[in-house]
Amino acid sequence: MKLMLGLLLLPLTLVHASPATPEPCELDQDEESVRCYCNFSDPQPNWSSAFLCAGAEDVEFYGGGRSLEYLLKRVDTEANLGQYTDIIRSLPLKRLTVRSARVPTQILFGTLRVLGYSGLRELTLENLEVTGTALSPLLDATGPDLNTLSLRNVSWATTDTWLAELQQWLKPGLKVLSIAQAHSLNFSCKQVGVFPALATLDLSDNPELGEKGLISALCPHKFPTLQVLALRNAGMETTSGVCSALAAARVPLQALDLSHNSLRDTAGTPSCDWPSQLNSLNLSFTGLEHVPKGLPAKLSVLDLSYNRLDRKPRPEELPEVGSLSLTGNPFLHSESQSEAYNSGVVIATALSPGSAGLSGTLALLLGHRLFV
């Protein structure tokens, strides 16, 4: 995007606004970092204001829903960056957020090429419409070495190949991938490459995904190091259906978040083999009336809070669970919440003050101490 390319000091001719146009970019500094926020929703914004962000570690651009297609005539996305690479490397940029714009694929991927020379570690794209088809990367092209990539309400013209195309512009060290409100998660698995370092995948807030969609999204053998999977509000209906999808994907999962799904009874369904290392499961806010059958054998952390349980789980139902959260279930109203559970299981009946605002993924990573 022109505003991003401008930030990275590319040799572009920027559109200059009149002197009366207010500056769209502002700096905010504290003891920890320098942040820069730019609002380019004005009909004729001063794009050159983006240079103000050159000294910031945390940068956010808001496009106001405008289309950036006109920039295709002004920006050479394949320009030689040789004399600018050292300048780009010197920028302190670590986190970048881009919101609300209509962006041609060539501009987006050209920007990722520029960011490949920066120290960017976290990228968030939100409320974007990515238009047009993608070109193959140049032989010497490489994208940023991201640790975290977050996509929310991003639509792509290439509905089933967008992940594979985006993946070509990222270095292979991505550890956390979040995709929310996606328009398509039906990936072309033959084209998707392996994510060799991905440890956390968050597909929450995709209510149309469902268990069949999960099978399509979790391309087999593409996530060999996946440890945490978050599926909050993702249209899941049964724990057995999720188990089948995980078995097909062959992921070494350790923590699974199924909270905020309407789960139903799976009694009588065929047994399923969960990932052998799965030991943490979040089933809060799922409407359960009793403990589901066929839970992971090595489950040690279980969140059943804010369901419809009318009794305590029996010890034989959860033989390996050492940390159990039951906050907000009906049976607690008729019992003393301080009553000891004679099986020795540690029961959490209230959330810690600091945990309420944490994401489900982070809560799972922290194990039994925090739950959403």
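Glycine is no exception: its Cβ is also placed from the backbone N, Cα and C atoms.
Feature annotation from Swiss-Prot assigns disulfide bond to CYS25-CYS38 (among others). Reduced to three states, the DSSP call for CYS38 (disulfide bond) is strand.
Here Swiss-Prot flags CYS36-CYS53 (among others) as disulfide bond.
According to Swiss-Prot, the repeat 'LRR 2' annotation covers 85-120. Counting residue by residue with DSSP, the repeat 'LRR 2' (85-120) contains 17 helix, 10 strand, 9 coil.
Taken from Swiss-Prot, the feature repeat 'LRR 5' covers 175-198. Cβ atoms under 8 Å from those of the repeat 'LRR 5' (175-198) belong to residues 147-156, 159-164, 167-168, 204-206, 209, 213, 216-217, 219-226, 361 of the same chain, restricted to positions at least 6 beyond its ends.
Residue density at CYS219 (disulfide bond): 21 other Cβ atoms are found within 10 A of its Cβ, drawing on all protein chains shown. Positions annotated as disulfide bond by Swiss-Prot, on the basis of similarity to another entry: CYS189-CYS219 (among others).
On the 0 to 100 pLDDT scale, the model's mean across the repeat 'LRR 6' (199-226) is 97. The repeat 'LRR 6' annotation in Swiss-Prot covers 199-226.
According to Swiss-Prot, the feature disulfide bond maps to CYS243-CYS272 (among others). Counting only residues at least six positions away in the same chain, the Cβ atoms of CYS272, ASP273, TRP274, GLY294 sit under 8 Å from the Cβ of CYS243 (disulfide bond).
For 279-299, the entry in Swiss-Prot reads repeat 'LRR 9'.
Summarising the annotation, Swiss-Prot assigns GPI-anchor amidated asparagine to ASN342.
Sequence-distant contacts of CYS189 (disulfide bond), defined as residues of its own chain at least six apart whose C-beta falls under 8 angstroms from its C-beta, comprise SER216, CYS219, PRO220, LYS222. For the pair formed by CYS25 (disulfide bond) and CYS36 (disulfide bond), distance between Cα atoms is given as 7 Å, rounded to the nearest Å. Rounded to the nearest whole angstrom, the C-alpha distance between CYS38 (disulfide bond) and CYS53 (disulfide bond) is 9. Each residue of the repeat 'LRR 9' (279-299) gets a DSSP state, and the totals for helix, strand and coil are 0 helix, 3 strand, 18 coil. Counted with DSSP, the repeat 'LRR 5' (175-198) comes out as 0 helix, 5 strand, 19 coil. Most Cβ neighbours within 10 Å, among the disulfide-bonded residues CYS38, CYS53, CYS272: CYS53 holds that distinction in the structure as shown.
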